[in-house]
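Read the structure below first, then the notes.
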Amino acid sequence: MKKSITTLDLNLLLCLQLLMQERSVTKAAKRMNVTPSAVSKSLAKLRAWFDDPLFVNSPLGLSPTPLMVSMEQNLAEWMQMSNLLLDKPHHQTPRGLKFELAAESPLMMIMLNALSKQIYQRYPQATIKLRNWDYDSLDAITRGEVDIGFSGRESHPRSRELLSSLPLAIDYEVLFSDVPCVWLRKDHPALHEKWDLDTFLRYPHISICWEQSDTWALDNVLQELGRERTIAMSLPEFEQSLFMAAQPDNLLLATAPRYCQYYNQLHQLPLVALPLPFDESQQKKLEVPFTLLWHKRNSHNPKIVWLRDTIKNLYASMA
């Protein structure tokens, strides 16, 4: 017999949603500010109402049953509609609203002014906190310290930064893909030589220390070819490497995403971009999908959904 919703405590659906997001009674209890015992009792009521276990224990936490998986999207949509309904009586620009982002620089800097204008237009009292993407950023998203991350991942099969290696709790959307190129000053002697792998490796390189590593997919590809570049300088950000590569009489080469042309135009750096001297299959391994990342619990959060859409529209021209 079909059950009536009037026989169900709707607060239990919030508990169910949080259990689906967190896959943990303890974590769901923490978010609800109740004890794990209270969440366990709520889960027991839900199991009785749906006549299904809903979750089973596994080494990775609570694993949803087929029925629970089938309800996930509908439950999320119901929660989003509920949030929108409850938000109606409130002012659309609440005081104290914060937007916290972790982003690769200069990726965010080229659109930061436009993004901040749109945020303040919609939420005049909002504050924006921007931090550089680093080794702790994914954990910061999980901890709830960051609303959205915006960073490049890697495509090399041996990379630790593959999209498929992201934690299960992280959702993402690729906004555009980029293949890095070599940046060198306009009067660099390499511009008077045949541009090939030997020329590329003849000069000293600037490396970016990315998530506590000085090497990345480029070095993996070189290793496969039995070659190695000379890293003369290691810096934390791409814009610093571009600045150093642009200095007069500097022989250093910087390898950075092609999107950096926007940054160079803004700052009028005297740099020339050359393609990495690899064949098509090797270039494919160097492709960088630039990706928005957020925690699954925020997938239907109206503020986060709006922020994601706004960033996506700003970077649409780079796709």
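Just so it is clear, glycine is given a Cβ too, placed from its N, Cα and C backbone atoms.
It should be emphasised that the depicted structure is a prediction, and the values quoted were computed from it without experimental measurement.
Features as listed in Swiss-Prot:
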type	residues	note
DOMAIN	8-65	domain 'HTH lysR-type'
DNA_BIND	25-44	DNA-binding region
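In the predicted structure, the domain 'HTH lysR-type' (8-65) carries a mean pLDDT of 89. Break the domain 'HTH lysR-type' (8-65) down by DSSP state and the numbers are 35 helix, 8 strand, 15 coil.
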